[in-house]
Amino acid sequence: MGRYVVVRLLQMIPVFFGTTFLIYAMVFALPGDPILALAGDKPLPPAVLNALHDRYNLDDPLIVQYGKYIGGLLQGDLGETFTGQPVGELLSDRWTVTLQLALTAWVFELVAGVALGVIAALRRGGIIDTLVLGGTTFIIAIPVFVFGYTAQIVLGLHLGLFPTSYEGDWPGSFILPAMVLGSFGIAYVARLARASLIENLRADFVRTAQSKGVARRRIIGVHTLRNSLIPVVTYLGVDFGNLMAGAVVTEGIFNLPGIGQQVFQSIQLQEGTVVVGVVSLLVLVYLLVNLLVDLLYGVLDPRISHG
Amino acid sequence: MVEAIAAPPTGEVEPISQRGSLWQDAWHQLRRRVTFWLSALILTVAVAMAVFPGLFTSLGPNEGCNVRRARVRPSDAAIFGFDNQGCEYWSQVVYGARPSILIGLAVTVFSLLIAIVLGLLAGYYGGWVDGLISRLTDIFFGIPFVLGATVVLIAFPERGIWAMTLVLVLLGWTTMTRIMRGQVLAVKDTDYVRAARGLGAGDLRIMRKHILPNAIAPVFIVAMLNVGNVISGEATLDYLGVGLQFPEVSWGLQLNVARSFFFEFPHLLIFPGLFLTATVLSFLMLGDVVRDALDPKLR
């Protein structure tokens, strides 16, 4: 087990550097000088320009810039924006908003998704099953921003169930955005859980249990539900990173002052440090959650062991 | 064009049926599904709109606009109303089909080709080739879609259909590559592959004749589902303002404009949203029924 974790952590290293370097290189390759863009129409004195280039390492070759950046990152320094604000400070408030949003959506996915999937699987072919299947296909197909605006008009404006803009409180301001952000995941989890449970209910060990006279409730609860959740857990692991990143769109719709909004502005201002900082953290979250998921497999299905 | 998507089972029945009846079986299954015909019908209409918009409207894209009629609500004369520039919304929505369908298909075809080549190489040769390709896949897989695409797209001075295709392929080939690799790994140790090698078949022949046909089905299903996801992703980028640009007409761009006015003028949101959702939905349903038809376990 310990050995497995170490190997996995070592495998993460090239992926982490590769992804962050790729993003860094792409931001670096953006045309135009960000310092000049910052100054607007007035030409900057060359001395100021050079000093700023120097301060932000803009004249170094790409790989040196990246090296300096990663060096700082490993010491917990996310760098600073072109206006001199430390990126860590800029992002710290916004992280909490995005994290609250993503976690709420994640809980929705887990609870609503699994519940819908299990109910549909147990009543296979019935009305509920048909509704779940049809509804989830529809939810998966509708682009999240169309769904978001529609939900905002109907549930927020016309029915007045939710505030239509951010009021800063959890859960009030987060429920509708989280439902919208998590809608795709809820639908996907429901379908995964349904398919997986149906398949497992046909397994030999279920037939054995049935013929031994084990109660249906116990067959489902003890024999099948736990191992049916493996694909769901895999998906939920991958999806946490997606939720954090997908928050760009949802935060835009509901005006949540989260990280997505910030990154989006920063990309347009060519604030490379902010963009790379956020993406690096997202990639890190994504990799660690995936490792956690792999370790969870062993708990969910004793047949899987990491030696 | 819908034939290429809706009916690969028919198209490929002839050559493959001689070897096995998987695709023929699948076609027999498909023919009986209402969902299959429904999504095929919607896609036929959508593709017709993309290829021959003249069948649906007499106006050109961005033609006959009059700002005085901006955002006029739907009426008998113009059943979809008018957009923010005062163009007739029905014809604008019809013209929105082309970029979505074109990008969805092009991205999927290119990603599929990349996935087949890389997946075959990684799965068949293993060792350092596999290590290199797998780590590369991991790296691209880890890039968050919207943020990664935005970073790349900002660098383009002008963003047309091909720029969008390039970016979406760049971020979209990883899932299919992983599945293809897994399939190849599963197939390469089978008896018939060993037999072929024993008879002196070269690597290329084994990959092309023996592994590819037996490994492709799951990848093909993911590719079909992928068309819908690509269309949805492309519209998201348009909507965020980092995708296609005026004078291009697309559903995502229409929704981008609609975001400022949708409280008072919901028709700006509803019509492109409806067309977009119907198209994506049809591709997903089609992928679903084809998967059911190809997977004997689900019967």
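For all residues, glycine too, the Cβ spot is worked out from N, Cα and C.
The domain 'ABC transmembrane type-1' annotation in TrEMBL covers B:97-287. What TrEMBL records for B:34-56, B:101-124, B:136-155, B:161-180, B:211-231, B:269-290 is transmembrane segment.
Per-stretch counts of Cβ pairs under 8 Å to the transmembrane segment (B:211-231) identify B:269-290 as the leading one among B:34-56, B:161-180, B:269-290.
Counting residues 6+ beyond its ends, the transmembrane segment (B:269-290) has Cβ neighbours under 8 Å at 5-6, 9, 26, 30, 33, 35-36, 38-40, 42-43, 46, 80, 89-90, 93, 96-97, 100-101, 104, 221-222, 224-225, 227-229, 231-232, 235, 251-252, 254-255, 258-259, 262 in the same chain. Among residues of the same chain six or more beyond the transmembrane segment (B:161-180), those with a C-beta under 8 A of the stretch's C-beta atoms are 99, 102-103, 106-107, 110-112, 114-116, 118-120, 122-123, 133, 137, 140-141, 143, 145, 148-149, 152-153, 215, 218-219, 222-223, 226, 230, 233-234, 237, 243-244, 248.
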